[in-house]
Amino acid sequence: MNLIQKTGLETRELFLKGDITCSELVEAYLDKIKRDDGELNVFITVMEDMARAKAKELDEKREKGEPLGKMAGIVVSVKDNIAVKDVRMTCASKMLDDFVSPYDAIVTQKLKREDAILIGKVNMDEFAMGSSTKYSYYGVTKNPVDPTRVSGGSSGGSAASVAAEFCAISLGTDTGGSVRQPAAFCGLVGMKPSHGSISRYGVASMANTFDQVGVLAKSVDDVEYVLSILEGSDLHDATCIGNESLQLDREKDAKSLNGLKVAIPDVFKTFEVQDEVREAFIHTVDFMKSKGAEVEFVHIGSLDLAIAIYHILVNGEIAPNMSRYDGINYGYITDNYDNIEELYVRTRSEGFGTEVKRRIMIGSYIMSMDHSKEYWEQSLEMRHKMIEEFNSVFENHDIILCPTSPTVAVPIDDDMTPVEIYMLDLFTVPVNLIGTGGISVPATKKNKLPVGIQIIPKKGNDIQAIQTAKELEGNI
């Protein structure tokens, strides 16, 4: 039995039935990590001792007939901007290279409470700013499907950890597609639920009104199961109101493909999309029509400005969020300074990478008194207009369908400019701008690189996206 090829729910079932022990499951994953991670560069920190100790504890609890949590028998990796108590939390930055978190994030608490086995902290773009993990202080994470290509970003390590069979499930964060795009590149299911569904307490902030914890796994069932555990309001996070549609008993509220009203943004007709992505998407649409779905193109005018609006608002939030990393309270501090001003400047110049510094500078410019009205306030107005336009679409449609990314995973040595890289997020950033959920489900590879299909529901009705993904899974 090859345990590492199983889904999380499958390993849980095997454990509960007594067919396997958690100890042998963990050892199987650790052996795979030792064999392959030197090449792929997925983990920043492997929590070997903690994983073994938790596995032993669960084996003993089962032996004694003690109650077991909902995540018992499931091995999980965690993106390295999510706090795990007494474990390094680097955000893939020199600035936090030796920082050890003194507490757990709420999502980590919930996983531990339900007996999840945490196996390690995985690579990402520095402070979640990027789409490839190329901006990690620890180097790029290679795509297990094709190691000459990126695994996506910023949750590239999360996607690669599941695709490489280093764990069954991974937690990531999604600010503009950072869970969904890596899932698409690595042939996985990845979901970012509606904003406010899951607590952000203990997650390093990038852009507060955009950030949301998400889940990556091999199956829609696994993603749904973990989201049902993580969902819920939280007094530590005033923006977190929970999302009852993520609970497992809500599937009765979702429509099947027969009679499902599907909208496709007409920008898909004109935006440059790789042939293999276009073919997979058209095949998906044809399948949905064959099952009774009603599909039509819709015009959403504000989509033309989505990338610009997104980067103005996100960078405007990044600049103040990154001001906390000053070398005084925690993290990296330069040795080369004569006064407090030099300490600040040199610490931040030496501690941050190129992309982080670029975004701080852009954000500081946008938020300055001379330019905030011109850029920030107008972009906020456009964000509200976009929300209205999408809500208008959802009045007559159940979901919006589009590719997750216009391309398959790009080569690691591709020399795309930052702006070209930003444009690859056209289909994912609107989801964060309007605050709804989005799930990427893999199209059948057929010996090709993976392609992701994105399903977008009305905000708060995430179960519809999950149900549709289940009907597409394995059929497209």
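Even glycines carry a Cβ here, placed using N, Cα and C.
Curation does not apply to TrEMBL; its annotations are automatic.
Listed in TrEMBL:
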type     : residues : note
ACT_SITE : K79      : active site, charge relay system
ACT_SITE : S154     : active site, charge relay system
ACT_SITE : S178     : active site, acyl-ester intermediate
DOMAIN   : 24-462   : domain 'Amidase'
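DSSP classifies K79 (active site, charge relay system) as strand under the three-state reduction. Reduced to three states, the DSSP call for S154 (active site, charge relay system) is coil.
Note: the CA-CA distance between S154 (active site, charge relay system) and K79 (active site, charge relay system) rounds to 9 Å.
When Cβ atoms from all protein chains are considered, those within 10 Å of the residue listed as 'active site, acyl-ester intermediate' total 35, not counting its own. Mean pLDDT across the domain 'Amidase' (24-462) comes to 96 in this model. Cβ neighbours of K79 (active site, charge relay system) (same chain, under 8 Å, six or more residues apart in sequence): K121, V122, M124, S155, G157, S158, S170, L171, G172, T173. According to DSSP, the residue listed as 'active site, acyl-ester intermediate' sits in a coil region rather than a helix or strand.
When Cβ atoms from all protein chains are considered, those within 10 Å of S154 (active site, charge relay system) total 34, not counting its own.
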